[in-house]
Amino acid sequence: MAAVHWRNLAELAGFTQFRNQFLASALSSVGSALTPVALSFGVLEATGSAADLGLVLAAYSAAQIVFMLGGGVWADRLPRKRLMVLSDAVSAASQITFGLLLLTGHPPQWAMIALHGLAGAASALFMPASVGLVAETVPPRLLQEANALLSLTRNISVSVGPMIAGLAVVLAGAGWVLVADGLTFLGSLLFLRRLAVPARPASAGGGFLRDFRGGWQEVAKRSWVWSGIAMFMIFNFVYSFLYVLGPVSLSGSDNGGLLWGAVTASLGVGDVLGNALAVRFRPRRLLFTGRLMMLPAAPLIVVLGVAPEPIPLILCGLLAGIATTFPNTLWETALQQHIPNSSLSRVSSFDYAGSFILRPAGLAVTALAASAFNAQATLTAGAALIVLAVTASLLDRATRTLVRNEHQDHPAPSTAPG
C-alpha cells in the first residue's frame with residue numbers, strides 16, 4: 001500500500017470539469033440531506049397518518065429500483081451531462097412543488113406519492129450517469145481521490161443534514177425546507193451546465209433491450225463484478241437489520257435513545273475517516289484490500305446484540321463506518337478503471353440496483369426474525385452472514401488479483417488543470 005501525497009488533491013481541484021461536478025454534487029447532497037426529516041414531519045403534520053408517510057417513502061424507493069437499470073442504459077446512450085441536468089431539473093420541480101403543497105396545508109395523498117416517486121425516478125437516472133461522468137472529468141490515476149471526495153461531501157451532508165433540517169422545520173416549516181432542497185438542485189444544475197466534456201463515440205445502434213442485454217453481458221463475463229454485486233446485496237440486506245434492531249436492543253437501557261444517537265454519530269465519523277483513508281492510501285489490489293476492510297463492519301452488529309455498552313458500541317461504529325466507505329471507494333475506482341466507458345453506467349446501474357433491491361426485504365425480515373427468535377440471535381446470525389459473504393467473494397481469483405489500472409482508455413478530461 002503506497003502513501004499518496006496530499007498535493008494530489010490540489011491537482012484534482014485544478015481540473016475545471018471535475019470542480020464543477022464536485023460543486024454540483026455538494027449542493028445537491030446538502031439539499032437531499034434535509035429531505036428525510038422535513039418530508040417525514042411535513043407529511044405527518046398534513047395527514048396525521050403513518051400509513052400515508054409509508055406510502056410516500058415507498059414510492060421513492062420503488063421508482064428508484066424500477067428506473068435504475070433503465071437509467072444505466074440511457075446514461076450510456078446519451079450524453080451523461082445532459083441526463084444529469086434533466087434529472088436535477090425534475091428533482092427541483094418535484095421538491096419545490098411538494099414543498100408548496102405542504103405550505104397549503106392540504107396536500108392530496110396521490111400528489112405526494114406521485115411527486116416523491118418522480119424524485120426517486122430522477123435519482124435513478126442521475127446515479128449511473130454520475131459514475132460514468134467522473135471517469136470523463138479526471139484522469140484514471142486520480143479516480144480514487146475523486147470518488148473519495150464526492151463520497152465525503154455526501155457523508156458529511158448525511159451526518160449534519162438531519163440536525164439542520166430539524167432546526168429548519170421548527171423555525172420555518174417543512175414546506176420551506178423542501179423548497180430550499182429544490183433550489184439546491186437548481187444550483188447543481190447550473191454547475192453541471194458549465195461542464196464541457198469530450199463527446200463519446202456514438203453508440204453502435206440497436207434498441208433499448210439490446211443495450212440492456214449488452215450491459216448485463218459486461219457484468220456476467222467478469223466474475224469480480226457479478227460476485228461483488230452479489231456480496232453487496234447480502235451485505236446491505238444484513239446491514240438493514242441494524243436500523244431496526246439497534247434501537248430495539250437499546251430501548252430497554254437507561255438513555256437508550258442517547259446511546260443510539262451516539263452510535264449513529266460514530267458511524268458518520270467513521271464514514272468520513274474512511275473517505276480520508278481513501279484519499280491518503282492507494283492499495284495496488286483494489287478489491288482484495290477492500291474486502292478485507294469490510295470485515296470490521298460485523299463487530300458492531302454482534303456487540304449490539306451481545307453487549308450493548310457505550311464504549312464498545314462507539315468504537316465499533318467508527319470501524320463500521322470506515323469498513324463501508326473505504327471499500328466502496330475502491331470498488332467504484334475498480335469499475336471506472338476496468339469497465340469500458342461505453343458500458344460503465346449500465347454496469348454501475350446493476351451495482352446500484354443490487355445494492356438497493358434487498359434493503360426493503362431486510363427491513364421486513366428483521367421484524368419477523370426478531371419475533372421468531374430474538375434480537376440477539378438475529379444480529380449474531382446477520383454478522384456471521386456478512387463475514388461469510390465477504391469471505392466467499394474472495395474465493396474468486398479475479399477479485400483477489402485485480403490491480404489498479406491507471407491507463408484505462410477513457411476520454412481525456414477536456415481541460416487541463418487550471
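Quick reminder: no glycine exception, Cβ is built from N, Cα and C everywhere.
TrEMBL annotations: computationally assigned, not manually curated.
Pulled from TrEMBL:
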type	residues	note
DOMAIN	9-400	domain 'Major facilitator superfamily (MFS) profile'
TRANSMEM	21-44	transmembrane segment
TRANSMEM	50-71	transmembrane segment
TRANSMEM	110-135	transmembrane segment
TRANSMEM	224-246	transmembrane segment
TRANSMEM	258-279	transmembrane segment
TRANSMEM	311-331	transmembrane segment
TRANSMEM	379-395	transmembrane segment
Maximum Cβ pairs under 8 Å to the transmembrane segment (379-395) - stretch from the list 21-44, 224-246, 258-279: 224-246
Candidate ranges 21-44, 224-246, 311-331 - greatest C-beta contact count to the transmembrane segment (110-135) (under 8 angstroms): 21-44
Cβ contacts under 8 Å made by the transmembrane segment (311-331) with residues that lie 6+ beyond its boundaries: 144, 147-148, 151, 155, 228, 232, 259, 262-275, 277-278, 283, 286-287, 289-291, 293-297, 299-300, 303-304, 351
Reported mean pLDDT - the domain 'Major facilitator superfamily (MFS) profile' (9-400): 89
